[in-house]
Amino acid sequence: MIPNNTVNISCSDEDENFVLIILLIVGGWSSIITCILGLLANTFSIIILAHKRMRTLSTNIYLIALAVANLLWLILFFLCYALRLTIIVPYFISENQENLHSIYNQIFHRLSPYIIPLMNTLQLCIIYYTVAVSVDRYLYISTGISPSQYCTVRNALRIILFLTIFSIIFVILYWFKFRITTQTNTENQTYYKMFYTDIGQQKMFQEIINLSIYIPIVHVIPLVTLILINILTVRRLIKYHDEHRRLISTSVRQMAMIRTNFFYSRRHYHVSIMLIAVVLLFILCRFPMLINHLYEVQHSITDDNISNENLYFQCRIQRLFNIFANFMQTINSNGNLIIYLLCCQNFRETTTELFEKISNSLRIQSNDNIVSKIHMRSRTNTHLTDM
């Protein structure tokens with residue numbers, strides 16, 4: 001999530017108020033709800049995927065890393081974006097700015113040069129973890145590749161570590177893009193304000209780093225890779241479905257012999273369907289951010305003069321689209337659990353098993369409490385009788 005790089009423009013009060021109301025509803029309250037649901041969903045996903053019957057599959061190791069990255073990103077998004085907007089925006093709408101420089105807002109501005117690149121790092125991890133798990137799943141179902149040799153838990157951990165280090169190194173320059181300065185308003189109140197550093201203001205940074213490097217690596221290459229992998233995976237699944245129908249038409253003995261050599265079981269079929277759904281959700285939710293970043297970067301390196309024809313687009317459409325693109329990222333970070341439950345039988349079975357254990361444990365504890373109370377009453381009655 002990169003801050004809006006658009007130039008300063010003069011918008012009407014009507015446009016400003018309209019955008020602020022949408023920002024409060026979508027960027028504030030709606031994002032708070034999705035963040036809370038996402039925190040619960042990703043925590044639950046980590047618990048289930050880390051179960052001993054689930055973590056033996058390399059695909060689930062990638063999904064655990066993906067859930068952890070989504071969880072951390074949602075925490076930062078909730079604290080620094082959604083919650084902050086619900087506090088600050090109402091003051092703008094009511095034109096009462098006396099509490100805009102509250103302690104909470106000052107802390108955010110003070111930490112924003114570090115929070116923004118940290119969130120960008122987590123976003124890059126999320127993107128490439130998704131690519132990695134898609135490639136892993138394709139290797140599982142493609143012919144000529146032994147999953148026991150390549151798609152192992154150890155290799156998955158190595159790739160996750162490599163992608164994490166790559167994401168940290170790639171975002172290093174963005175740690176030097178913004179800095180904080182202190183300013184004093186008319187009431188002699190000191191507050192923090194974020195500004196571009198010399199590196200962030202350079203034309204080379206805007207043209208080369210943002211447009212030629214950031215956009216391709218963060219958006220174009222992952223999206224193209226995911227689309228291609230998904231197409232190949234779907235084609236392989238169709239082939240598997242045809243082979244499965246052919247097996248059904250053969251004799252029982254022949255079918256058993258072929259299935260022994262055909263490592264791609266029904267279980268992996270459902271896991272692959274699940275991963276396809278995860279990737280489609282990812283593409284649907286991330287594509288608006290690609291469009292938004294392309295526009296912001298292109299607009300930041302062009303002339304700052306805005307014609308009257310583009311004023312409405314700048315004051316309303318572009319800002320509303322930016323709000324929508326950020327909100328779609330929260331949807332992507334909490335929607336995977338629904339896909340796991342709908343598409344993965346093993347995930348559902350593990351979830352049922354976990355709930356049964358919790359239910360049995362609570363039942364045993366409740367029975368123990370009842371028994372202890374009965375014993376306590378019996379002892380009390382006995383003591384009274386003796387008296």
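Using the three backbone atoms N, Cα and C, a Cβ is placed for every residue, glycine included.
These features come from TrEMBL:
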{"type": "TRANSMEM", "residues": "20-49", "note": "transmembrane segment"}
{"type": "DOMAIN", "residues": "41-340", "note": "domain 'G-protein coupled receptors family 1 profile'"}
{"type": "TRANSMEM", "residues": "61-94", "note": "transmembrane segment"}
{"type": "TRANSMEM", "residues": "114-135", "note": "transmembrane segment"}
{"type": "TRANSMEM", "residues": "156-176", "note": "transmembrane segment"}
{"type": "TRANSMEM", "residues": "213-238", "note": "transmembrane segment"}
{"type": "TRANSMEM", "residues": "269-291", "note": "transmembrane segment"}
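Below 8 A, the CB atoms of the transmembrane segment (61-94) and the transmembrane segment (269-291) form no more than two pairs separated by six or more positions in the chain, fewer than 3 in all. Sequence-distant contacts of the transmembrane segment (269-291), counting only residues of its own chain at least 6 positions beyond either end whose CB sits under 8 Å from a CB of the stretch, comprise 57, 59, 127, 130, 133-134, 137, 140-141, 215, 219-220, 223, 226-227, 229-230, 233-234, 237, 240, 321, 324-326, 328-329, 331-332, 335-336, 339-340, 342-347. Listed by sequence, the residues of this chain that lie at least six past the ends of the transmembrane segment (114-135) yet keep a Cβ under 8 A from its Cβ atoms are 1-3, 59, 62-63, 65-66, 69-70, 72-73, 76-77, 80, 108, 156, 159-160, 163-164, 166-168, 170-171, 174-175, 177-178, 218, 222, 225-226, 229-230, 233, 275, 278-279, 282, 286, 329, 333.
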